[in-house]
């Protein structure tokens, strides 16, 4: 009997454990069913809901859906999506839903009374639709509701008195409907401005006058924060406010701003790796290495100098960008490219080349601010595209730059009919590629004049001066909560685990990627006797140019599909795993020749470049989502510092590793170049393992944003 009892008890424990494990999945499936019911009730001409696949385990991978750490739906973002149809009562099953955003569509029908079951709801935004019927009295059960916006619909009936019991309610707008009865004056309605009830002809109460909503003065943005809503004032004379207002009214992709970002980012990326195809020959011509096997060692330090300079100054430039603006830092960085890149091309000694690259890195603080800029110059729905543009453009620049270096280095030797030995480019054989990049940078400098500033140029504490002019929308207690929230938002970036974990994982991948870029150029131009390909610098340039053009096609047509179905993290993991067998095959390419070698090398280079862009874009998105706007410059400064440190270590380490591997051609274990690519694979595997919990922490859900009008 005791044995039977023990077996029964054990079985019960197993059943309970399985029930606990399966509970989130069952809940997620029921939430997915509810959302899929909504999809079936809506007409979606723009395919906004295309990713809503009911066969998936849960809806957390669907676009426009945000979930918490338990895979429970907390947010539905379908505002301004050109949807039509009607709401469904099944949405009342989303018990963890906090934000329901369905504004600016063509939704008809009534508001289901089941919405009263959304006990966690904070914001209900159904304004600018064609909704009719009564406001359900069951909404009075939403004790967490802060924002209720039902304006610009065809609602009828009275304002439910149950709403006055919602003590958390701060913003109510039911203007431009056909409501009747009287306006409540107790509870939260005591502080709601009268213009939020206007244009309801049958609504009785204090005199309601039409109000011009096109205010030419300030706008207050209320953001749901951890301790309460955060107010941020937008001023007419502030460039950041001007850009934010422009983002609010503009629809579609900001092509012009993205084009400027593309030019500037390309300009900053070109000099980073342009020296790699000719660095081996330049180091040899500067006569610093006594033996051929030592050339890679000295070349590694020149390759690292740029990143060492960025390590020293990236945080500084990030702080400057947060204090004085993104645009000044961008302009200074481009000017430094024109000056110090030209100086590098005119180097007559090893130390001159080393110092010019170091100074180029010190003054090139563009990468952090341009990432912040790309996410601030557009609406939130296009921020991923902006960051992807930065990542892909840098990836293309890191390929086109070496292509320029490979084609134009030593022009008097390659193109004797155009350049003579006695000409400027004959006496300085590595000046022409640097000069070409400096010319491109000059064009980017001109484009900077059209770059709008995105930083808010006013004191955050000036909000206190507007306390008396808010349209009776907030109480004194509410304003005190706002001040406390503003202080709390200035948390230490170092203690921001989602940010720091994303940066560290990104740096692990960047270490491998930069080492690969250094090793590929050295390996390709080295003799086949040492396991290389015996390429000329021009042939290396051709390979990298083909990869750059193909990468553009990948970024435009293929990467969006991978990111859509896999997400940034899963796509990064898949790319990392795929790179391991790819790199393992590199040493065997030295046994090929002719057309076979050309085809295999180009395919491998293209695949490796696509892998790098996939990983880079994913982690850039994670980093920017982990911080608020006023911290983005500093956060990206920290990211660039850490990234530059890994990229500074990589070339020198890769150069030393390459020289060491060249000397062990007869080793019994991983001889020659096999050791090089084995080490690269180990680095990739470490980065892959770091993408899992508990190390990598995902950012919290995005905060809610609303706009309330105030007198300035």
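Even glycines carry a Cβ here, placed using N, Cα and C.
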From 210-231, 232-253, 430-451, the residue range that TrEMBL assigns the feature transmembrane segment:
430-451
Examine the ranges 161-185, 386-410 and name the one recorded by TrEMBL as transmembrane segment.
386-410
Residues of the parent chain within Cβ reach of the transmembrane segment (386-410), under 8 Å, 6 or more residues beyond its termini:
258, 261-262, 265-278, 281-282, 367, 370-371, 374-375, 377-378, 429-430, 432-433, 436-437, 517, 521, 537-542, 544-545, 547-548, 551-552, 555, 559, 563, 609, 612-613, 616-617, 620-621, 624
Is it true that the transmembrane segment (598-622) and the transmembrane segment (499-523) have 3 or more Cβ pairs under 8 Å, skipping pairs fewer than 6 apart in sequence?
yes
Residue list, the transmembrane segment (329-352) vs rest of chain: Cβ under 8 Å, 6 or more residues beyond ends.
264, 267-268, 271, 275, 282-283, 286, 288, 298, 302, 317, 320-321, 359-360, 362-366, 369-370, 373, 428, 430-435, 437-438, 441-442, 444-445, 448, 451
Check the domain 'Major facilitator superfamily (MFS) profile' (257-699) for me and report the mean pLDDT.
79
